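Per Swiss-Prot, these features apply:
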BINDING   9, 50, 51, 176  phosphate binding site
BINDING   175, 199, 200, 201  substrate binding site
SITE      157  site 'Important for substrate specificity'
SITE      212  site 'Important for substrate specificity'
């Protein structure tokens, strides 16, 4: 069973020249980019850059439904989602790698379901797959747990927003973690975010606040060890999928067949 990786800002490639590119059409249009398929350990792995190969898509315009549908149609059932995040606590500085266990949605107007009809309601109390999380958090230096609040973007938070997020106990702030996680759940795909802290958010940092140029520079600085960690997380996953946490449609009549 194929594994998937959805790369975030600055994470546009994953394999060498021996990987094959696959173009996939979906009922929701094309995904962000052609999907590349290669091998990591005992696994066949499909890689998709969330924002496109040249960062064509801002967080609010990413074709999330097409991306997840395309991966599932290729046989992907388990997905790691590397992403860039801001930290809402000084305890997690730039370069920290965190595997969150909770998510808060503060986006608006995004296409966040495949079930516009049919009365389908997925369980989402625990948004991330515990098996995939364990594979990543078992690696050295990875912080286990935390709440990631997802904002609409593409702008960064005001200081007041950032301080409010921190006061609620949120740990990380991001722009792409939703609806990606819930769409994966609707397609019964195991999903776990792996977050690289690129900055202290505006309510924590002094000076001018968060700047995109600094975020991308920090991500680029940390890309080699971050990619290495994702490779190691993939290698740590069992070949056969045994997790049932994300199989949310048992006994439910769906309005269409999943790919």
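Backbone N, Cα and C define each Cβ position, glycine as well.
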Other CB atoms within 10 A, centred on residue 200 (substrate binding site): 20
Shell of the phosphate site beyond 9, 50, 51, 176, same chain only (C-beta within 8 angstroms of their C-beta centre): 7, 8, 11, 49, 55, 57, 59, 62, 83, 84, 175
For phosphate: widest Cα to Cα gap among 9, 50, 51, 176 in Å: 10
Between residue 50 (phosphate binding site) and residue 200 (substrate binding site): CA-CA distance (Å): 23
Top Cα neighbour of residue 212 (site 'Important for substrate specificity') in the set of binding-site residues 9, 51, 175, 176: 9
Residue 157 (site 'Important for substrate specificity') as reference: those binding-site residues from 9, 50, 176, 199, 201 with C-alpha within 10 Å of it: 201
Neighbour tally for residue 212 (site 'Important for substrate specificity'), based on other Cβ positions within 10 Å of its Cβ: 12
Residue, out of the recorded positions 9, 157, 176, whose Cβ gathers the largest set of other Cβ atoms within 10 Å: 176
DSSP state at residue 212 (site 'Important for substrate specificity'), helix/strand/coil: helix
Listed in sequence order, residues with CB under 8 A of residue 50 (phosphate binding site) and six or more positions away: 6, 7, 8, 11, 32, 57, 62, 67, 81, 83, 176, 180
Max CA-CA distance, Å, over listed substrate-binding residues 175, 199, 200, 201: 15
